[in-house]
Amino acid sequence: MANITLKPLCPLLEEMVQLPNHSNSSLRYIDHVSVLLHGLASLLGLVENGLILFVVGCRMRQTVVTTWVLHLALSDLLAAASLPFFTYFLAVGHSWELGTTFCKLHSSVFFLNMFASGFLLSAISLDRCLQVVRPVWAQNHRTVAAAHRVCLMLWALAVLNTVPYFVFRDTIPRRDGRIMCYYNMLLLNPGSDRDTTCDYRQKALAVSKFLLAFMVPLAIIASSHVAVSLQLHHRGRQRTGRFVRLVAAIVVAFILCWGPYHIFSLLEARAHSVTTLRQLASRGLPFVTSLAFFNSVVNPLLYVLTCPDMLHKLRRSLLTVLESVLVEDSDLSTGPGKRCRRRHRRRASSTTTPASTLLLADRFPQLRPARLIGWMRRGSAELPRRVREQSQEKQGSLSCTLD
């Protein structure tokens, strides 16, 4: 109780500190469901984004497009990694038990993901616009190294914008013994006029993140889309590529997940002077914050659903890992001689039986070997479409989303 009066608090925060813990059975049931959903989302987000990073970073040819997706997945992975701690906060009764330093770090990861996502989506839209509007310039300057440099600059800018949220984040004890991890606008240089300082700082943070992390990226995305559409219409091209559909899906998810959070942040800033908004802001912010967290879970699903090649690579990567584990386990019970003979048989079978011959024999079992060889000598033009599609798939670019 003594700790509550030691720190100067803003009026809104003082009101939140006095709120008792709810004892309604229906609300407790909602809390249990919320903990379950957040736990599943945290597990799903970690697995999804980890797999996307592995596939895009290790299994696909590195292009400018894969560079953007790689950094977006890294941002989402950071947010997903912080979600289990938020789930623990909900599970122990909405009380932060992990200390002040980790409170600052956990909140900073949330805002870092917010800024990084907005900045990276803006860069992707500008990159697409330059490809269409300035193709010669893009061909000369658009490289993977340049894309990585741009991403590093955007990460630095996101970290810079996250600093105020790290500075003003604090742990505040409640009246009922629980601990809040929230803004304390009077934590640093409170000044003589408490109400003015709280109102100014809260509005400055809410408006700045609304503009820099939401409105400005949306304006860049919209203007880039208009420029690309006009240029393609002028050239007589109306085809929508996979990468365009992927970006559109990510932008829609970004708006739906982050839009409500920014609206309630502005309401919270307004609630310092308009007391009637305080209950609405305090009730709605936890829900929209969870919705913003779920954006890091939705994005990997969009990558897989929009790009079939991503799903193919993901399946093949999982199959390769599983096969390696099973082979290692079976090798433990066999001697080195048997392992060598088994590898030799695999090499011999792969060299003596080409894949195309197996496919042809499977497709045309009625052909005898002599007739099959004669039929194959007529030329590759008569090969089954199944064989040609597989060869084209191997030779094609792995970054199918550029089309």
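Note: Cβ is positioned from N, Cα and C throughout, glycine not excepted.
Per Swiss-Prot, the annotated phosphoserine among residues Ser317, Ser330, Ser356 corresponds to Ser330. Both Leu130 and Val244 are recorded in Swiss-Prot on the same side of the membrane.
Counted over residue pairs separated by six or more positions, the transmembrane segment (35-55) shares at least 3 Cβ pairs under 8 angstroms with the transmembrane segment (285-305), which defines the two as touching. Looking only at the topological domain 'Cytoplasmic' (56-71), the predicted model's pLDDT averages out at 87.
Listed disulfide-bonded residues: Cys103, Cys198. The one with the lowest count of other Cβ atoms within 10 Å of its Cβ is Cys103.
Away from its own ends, the topological domain 'Cytoplasmic' (126-147) comes close to residues 62-64, 67-68, 220, 224, 227-228, 231-232, 243-244, 247 of its chain (Cβ-Cβ under 8 Å, at least six residues beyond either end).
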